[in-house]
Structure formats: structure tokens, C-alpha cells
Amino acid sequence: MIMYIIWALLFIPVSAQQWTLFDEQAKPKREGRVRLVGGLPSSGRVEVYHDGQWGTVCDDGWDLAEAQVVCRQLGFPGAVSVASGGQYGEGSGPIWLDDMNCKGSESILSECCFKGWGVNDCTHQEDAGVVCDTGTNATNIRQISVDNSLGLSDDLGLLFDSEDGCDFIIAVQDLGEEAELTLCVHRVILMMYPELNITNDTRNLTVDVSQTCQSHVSALIRYLYTRQIDVSATSAQCLYQLAFIFGVQRLMEDVGRVFTALIPEDNTFQTPVSMYEYGLRTGDLVLQENVLQYLSWNCEFLISSPVWSTVSFEMMDALLQRSDLIVKDEAVLLEALERWIQDKGDQISSDKQASLLSHIRFLLIPVDKLYDIQFSSSALYQNNEKLYLTGLLRGFEFNALPFSKIRNQIDNASSEYLPRIYTGDEWSVFINDTTVSSPYYNYNYYGQSNRIQTFFTSAHPSALYKDQKVQWQAQVFLTLQECSNYGVSCNTLPVARFYGYSNQYSYSNIISYNNRLILTCKNQNNVFHVQEFKNDVAVIPTNSSMGLPNPCPDDYSFRFVVRPQYI
């Protein structure tokens with residue numbers, strides 16, 4: 001009788017709205033899932049699912065280790081080879097991942113190291129692909145996965161909220177004081193996290209959490225059930241700290257990546273400085289790098305903020321070693337360091353002062369400011385006069401002698417003659433107009449668009465090249481018609497172009513130009529993106545291509561920076 005009922009049910013007609021196993025739109029999609037597009041089932045362009053949308057992977061740093069992770073995630077034994085340069089066609093939508101660094105042992109691609117979702121300087125012409133190994137013993141038996149796990153997270157969240165059947169107490173207290181918060185949870189959930197050392201005999205757990213973060217403990221414990229959590233600029237610090245306390249490494253990494261997208265929301269710099277210190281304590285290198293990059297880009301604003309005097313020695317040491325640090329010139333950076341030393345007083349030992357001073361690139365200080373340094377009355381100068389004089393001597397040599405003369409005296413691994421991103425008027429031009437209007441209205445008296453600027457720089461910072469000029473033109477295109485007018489192929493908009501005229505190539509044997517585009521919010525004065533030019537062109541990221549919450553959509557300015565260096 002039971003078999004008859006089941007057999008009869010198979011023939012019950014269904015409505016036109018039924019879901020079938022082969023309905024691609026109705027299949028549940030999971031965060032971090034990957035697929036291959038544009039080729040065979042075992043080869044194609046790699047696409048990854050994030051934030052409700054499929055996107056591609058840039059081929060920068062794309063190697064066999066990354067391909068192995070993708071292929072194993074898809075159920076193949078491994079990878080045969082990688083494909084780059086959009087070999088399987090160009091994708092659409094966001095470019096989610098760039099500069100991937102996989103060990104090869106990760107279970108899914110999103111577990112690999114990367115700077116952040118959507119953080120890239122790529123176009124879809126650089127979409128990565130793979131060729132997977134189908135296995136020598138593969139059979140023709142087809143298996144179709146039935147996945148009903150989509151609602152599991154919500155169900156477990158309801159279980160936490162209801163406390164039904166809870167059998168374990170978490171007591172939260174402020175640094176040894178009496179418990180101020182208790183949560184009743186389920187031991188079996190906590191036992192899934194071996195870092196907590198919960199056994200069948202454990203009945204409770206007491207944790208010390210500062211009062212400022214106690215309100216976030218419940219959200220953290222709920223994450224242990226659901227693997228879902230909302231992160232904001234105000235909660236990121238506490239959630240990161242709590243993830244460290246509870247040993248949830250994956251959440252720490254995820255919060256660090258999310259925080260990268262939220263950094264621009266804090267114009268005071270207090271939150272990123274604090275997050276860097278957390279990154280130091282926990283050994284989170286990705287978080288440290290993301291914070292340092294943002295602070296380097298915004299160094300001009302950071303050194304004039306009250307937070308500058310609170311920066312730790314470790315952060316200062318790391319900042320001064322970076323070449324992506326944006327500042328008017330090297331002399332301004334030295335003055336900021338001297339002011340920081342003055343504010344710190346006796347907290348910074350003479351050895352540490354000397355270490356920081358060694359990161360100043362005296363060779364690149366403008367020669368007139370180099371001359372003035374010898375008359376400095378700063379505490380740093382008084383305590384390290386010999387180091388200053390050595391730096392001044394090397395700086396004057398660099399400005400007076402041809403590079404061929406001093407090349408053998410400079411360590412190839414040294415960064416002392418490599419430029420940072422100097423934004424002084426002699427090395428950069430600023431374009432503030434982002435309006436698209438009448439083709440006649442938006443042009444100046446010379447018939448040139450306000451988004452096209454021509455200017456001159458010296459061929460090199462050395463005084464030897466002071467009177468040898470290179471002419472540059474900076475352009476910002478907001479429409480396809482503008483691109484077409486200047487013979488530029490624009491796959492997306494906006495696009496920036498920056499190129500030197502013919503006299504640039506007169507120095508090609510001794511000088512190279514690694515120019516940069518800086519995007520700055522008009523009203524907030526914070527840099528949120530820095531990009532290299534590839535073949536004189538930079539595709540300016542938008543919300544969809546960055547995958548980040550742009551702090552000033554369609555309301556930012558462009559600074560084009562010339563960066564000459566000896567070859």
C-alpha cells in the first residue's frame with residue numbers, strides 16, 4: 001500500500017511554477033563558489049560567486065597553485081595548466097580577485113590570500129582561466145549534487161536566538177571583574193572550533209572582553225552557528241578582536257578584508273591605526289598590508305592629523321620603507337618624522353631614531369631643501385648629526401654627478417634612489433572636472449577640454465636635469481565619443497591617459513617613468529585608489545569593477561604623477 005502511494009505521487013501534476021533540478025536560475029548559489037565559462041566542462045574562464053554576483057579573476061599572479069585550488073574545488077583531481085590574457089573570452093561584471101597567492105592546499109579559492117574582493121587594476125582582457133585534469137580513471141557515471149544547505153544557516157541562527165536545548169554557558173567579563181553578560185549556547189556548536197578546547201565535560205567558558213566590545217559578543221557567537229555576520233566601520237575593531245580571542249582565524253581574515261573596504265569612512269585615521277596594531281598582535285599580514293597601503297596613499301593627510309603623534313614605532317618604521325607613500329616631497333616627510341620624534345620625547349631610543357632616519361631618501365630631497373637641512377634645530381638632527389651629514393653628502397653627490405659615476409656605489413637592492421609618489425606641482429597635474437556637458441561649453445579658450453591638461457617636468461629630480469624638460473599630457477575621458485576623438489579604445493568608462501611627447505624617449509636608456517594616477521574624493525580629501533598606467537592608459541575603477549563601496553561615487557578628482565627613476 002505504501003509503495004502504491006509513493007508510485008502514485010510520482011504522477012501528480014505540478015504547477016507551471018515548479019522548480020526543476022536543471023533550472024540554472026533557481027539553483028541555490030553559495031558564497032565563494034567557482035565555475036568555468038567559455039570552454040569545456042574541465043576548462044574555461046574562472047568565475048567566482050560573491051555578494052550575489054558572478055565575477056572574474058585577474059591573471060596577475062595567476063599560476064598553477066591557484067589553478068589546482070580551482071580544479072579541486074570543482075571536483076577534478078587537479079590542474080593541467082593555466083590560461084591568461086582572456087584566452088577563454090572576456091567576462092562581464094566585476095573582477096572580484098587579483099594578485100592571488102595560493103599555497104595550493106586550500107579547499108576553495110577564496111581561502112587564498114588576496115587584498116580584498118574587487119580590489120584590482122585589471123580589465124577583462126586579463127581574465128584568468130584553467131585547464132583541469134579529468135583523471136585517467138574517470139567513468140561515464142554522472143553525479144548530480146542535491147544541495148539543500150541554503151537554509152541551514154538561518155535555521156541555526158534561530159536555534160541560537162531561541163536558546164532551545166542550550167547546555168553551555170559563556171560568561172563575559174571586563175578584565176577579571178564580575179561577569180556582566182552570560183549567553184546560553186549549544187556545546188556541540190562550540191566543539192566544531194578546536195581552538196576553544198571544548199570537550200563533553202566542559203560546562204562553561206569565561207572570557208575577558210573590554211566593556212566597549214561586549215555588545216558585539218552575541219553577534220560573534222551567532223556567527224559560530226551561522227557563519228554570517230554584518231561588519232561596519234564601528235564594529236570591525238571589536239569583531240576582529242573577538243575573533244582573535246575565540247580563535248576564529250577565518251573570521252579574522254574576513255573582517256580584515258571587509259575593513260579594507262570600510263577604511264575610507266574614517267577620516268580621522270584612528271580606526272585604521274588601531275586595526276594595524278591588532279594586525280601586529282595577531283600576525284595578520286594581510287590586514288597590516290591593507291592598512292599600510294591606505295595610510296601610505298593618504299600620508300599627506302595623515303601627517304597633518306592629530307593621530308600622527310600616536311603612531312607606533314612599528315607603524316612608522318613600516319611606512320617609511322614604502323615607495324607607494326604619497327607626499328608632496330621627501331623633505332616634507334623628513335619634517336613630519338622630526339615632528340613625530342619631538343612629540344614622542346624619550347619614548348624612542350637613539351637606535352630606533354637612527355633606524356627611522358635611515359629610511360629617509362636624502363638623494364631625492366629637492367636640492368634647495370637639501371641645503372637648508374644643515375641648519376635644522378630639530379631634536380632628531382641634534383641626536384643624529386653624523387647620519388644627517390652623511391645623507392646630505394650623498395644627496396649632493398646624487399644631484400651633481402651623472403648616475404653612471406655613482407651607480408657602482410649604490411646597492412641595487414636599496415630603495416634610496418627610488419621615488420615615492422611625490423605630488424608637488426613640479427611633478428603632478430590635477431584634474432577636478434568630472435562633468436559631461438555640451439561639447440562647446442566644457443572647453444577653455446584654447447579649445448581644449450578642462451579634462452585635458454598639458455604640463456612640463458624636469459627629465460629627472462637630479463639637478464643635472466633641471467633645465468631638460470619633458471612635456472606631458474593628461475586626459476580623462478568620460479564618454480565613448482571622447483575616446484574615439486583621441487583614438488583610444490575604451491571598453492569601460494571613465495578612462496585616463498597620460499603620455500609624454502617625443503623628448504621623453506631621449507632619456508630611455510637611463511631613465512624610466514613609472515607614473516601613477518591618484519583618485520581623491522573632492523570634499524573629503526582622502527585618496528581611495530592609486531593605479532599604474534599600462535601602455536599610457538588607466539581604466540578608472542567604478543563601484544562595479546572595484547567591488548568596494550566607493551566613498552565618493554562620481555565625485556572625485558584625478559591627479560597624474562610623473563615618477564622618473566634611473567635604470
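The backbone N, Cα and C atoms fix where each Cβ goes, glycine too.
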Candidate in C58, C71, C166, C184 joined to C122 through a disulfide, as Swiss-Prot lists it: C58
Recorded disulfide counterpart of C132 (Swiss-Prot; options C71, C213, C238, C299): C71
Disulfide-bonded cysteine for C102 as listed in Swiss-Prot, from C112, C113: C112
C-beta crowding around C102 (disulfide bond), within 10 angstroms: 21
Model confidence over the domain 'SRCR' (34-133) (mean pLDDT, whole number): 90
Among C58, C112, C122, C132, which are recorded as disulfide-bonded residues, the nearest neighbour of N200 (N-linked glycosylation site) by Cα: C112
Cα separation, C102 (disulfide bond) to C58 (disulfide bond) (Å, whole number): 14
Three-class DSSP secondary structure - N432 (N-linked glycosylation site): coil
C58 (disulfide bond): secondary structure state under DSSP, collapsed to three categories: strand
